[in-house]
Ligand SMILES: Cc1cc2nc3c(=O)[nH]c(=O)nc-3n(C[C@H](O)[C@H](O)[C@H](O)COP(=O)(O)OP(=O)(O)OC[C@H]3O[C@@H](n4cnc5c(N)ncnc54)[C@H](O)[C@@H]3O)c2cc1C
Ligand SMILES: Cc1cc2nc3c(=O)[nH]c(=O)nc-3n(C[C@H](O)[C@H](O)[C@H](O)COP(=O)(O)OP(=O)(O)OC[C@H]3O[C@@H](n4cnc5c(N)ncnc54)[C@H](O)[C@@H]3O)c2cc1C
């Protein structure tokens, strides 16, 4: 199987968020970036799927700034085979992000059998990229997945909805699967894994290479500010 | 003035209440409502009172259960024919899954989970929390129409006045098309109560609950005051409560009128999920617990003594 995982780098959850001077975004100079927590479940599920299907490969894809490739290296150290970075200023909206991921996957020359993502990025909390990507690639998708079993290319997926109820889906590969907490227990990167990761291939493309331009922007943010403080009781 | 469609989900005898919150904010625009399935007669009358001109019940094969593709195909056709500028929905589990796919099919933009918005001159401008509510920003949508918006339940509040419109009810036939990811089974949740994200009152327990069976005292309080029970991540990770009950940055974001935190310290990731609650009550043995800095009312004491007393007192007056 050709397995893809989309991972995003987000500010550590402990980060104190401060709007920048002109309110166009937040102050990012002193942020510690981590792999989006939900994407760890996606990487783990990709590795489990690879283990169950010999001859499979796991490719991790990230759209974002080059300054720090921590999240991609972590995924490679956990056991992914290769990585793709689409360089961008980190100021894309969900639509542009999904289009860039599509472009990067197509450029890899491998036809995806399954694409794992997190259910949501904990910085923007938009919950758009997986479904948009699936739509753009004309693939079925299931989101907020807490159970995933695969036999012979057919996935049985449990999706969590209101009141803790579960919808059980069956879908043949190829498909996009957006992972939630509780799906699995992500492994830690081992020391040999970390050493090996340094030599694994990491392809880099520009946004133009993957067919994304500023004309693709759909959402504009402004006026970043702190929420009104609740007075202490 | 914009032409707007509000997509809603049908409940047993009404539609999701967030639909009325959205209608209230859309007064002055040309507004229709659509649901997949039959909109109940009572809801039709109520929707008309709050400004719905046309109320469409969309019907077709293979639409009894939700499926991302089936619903998206059906709505694509319906929205395309209607010439709408905007399509709104509450940010329910279903809409959060459906709307991004649908917006992509129109090559259009979407604003997720806004907590407020205006429609000055028929143009949408919204406010949405980012970084788990640690920050707010203004959001606008550009490019091809229709533009898609989901709204967080309980954030806008119910409309304060009525705004009657025609409320013509009609059926429309739609087609689900090819469905590759289909529901085989639905496993009921432990709770028949309102979901945390929609609840008006929440009683949450933390690590201090010590074991799963102790959540019974929170259930008792919740049953008495019509609340839904939540939990901190420490309680979930310790196996006292299922993940579906987790409130916080990696759980659910909630905005009830009343949030009662029992034995929860108030870690930044927990606050991220509940800080916009209108009134916060904290019960904690530690007077220095950070939760007290965000609480409107604080009770320093043992939850195992205080919660049952609260339940008894509420029983007397409810
Ligand atoms: C410095 C900075 C400035 C920004 N400015 C703007 C702005 O002006 N306007 C604007 O609209 N947004 C802006 N953003 C937000 C941001 O870049 C996108 O909104 C984001 O990439 C899409 O995230 P989402 O919340 O829609 O992801 P979700 O849909 O919540 O993410 C779900 C899953 O999709 C995958 N995914 C998401 N993003 C990526 C990615 N980049 N690479 C690989 N996989 C991914 C992951 O698997 C993730 O778990 C800015 C961000 C930064 C850091
Ligand atoms: C990436 C990441 C994501 C996270 N996401 C979340 C999230 O979504 N939600 C979340 O909740 N946490 C989240 N956390 C965890 C968070 O940091 C805290 O560890 C967690 O919220 C603590 O839970 P707690 O308050 O129940 O436990 P504790 O911090 O252990 O607090 C227990 C409290 O109970 C009090 N207490 C003890 N006995 C009694 C008694 N008998 N009566 C009354 N009070 C008593 C104590 O004084 C203490 O204040 C996340 C952490 C990380 C790193």
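Residue positions begin at 1 at the first shown residue.
Any Cβ shown, glycine's included, is placed from N, Cα and C.
Long-range neighbours of residue B:264 (FAD binding site) (same chain, six or more residues apart, CB within less than 8 Å of its CB): B:204, B:205, B:206, B:207, B:208, B:232, B:270, B:282, B:284, B:291. Look at TrEMBL and you will find B:207, B:232-233, B:246-250, B:263-270, B:284 tagged as FAD binding site.
Confidence for the domain 'Electron transfer flavoprotein alpha/beta-subunit N-terminal' (B:4-185), expressed as mean pLDDT, is 95. The domain 'Electron transfer flavoprotein alpha/beta-subunit N-terminal' annotation in TrEMBL covers B:4-185.
Listed binding-site residues: B:207, B:270; maximum Cβ neighbour count within 10 Å falls on B:270.
The binding-site residues in question are B:246, B:249, B:267, and the one with the fewest Cβ neighbours inside 10 Å is B:267. Contacting chain A by the Cβ rule (under 8 Å between Cβ atoms), the binding-site residues B:207, B:264, B:267 reduce to an empty set.
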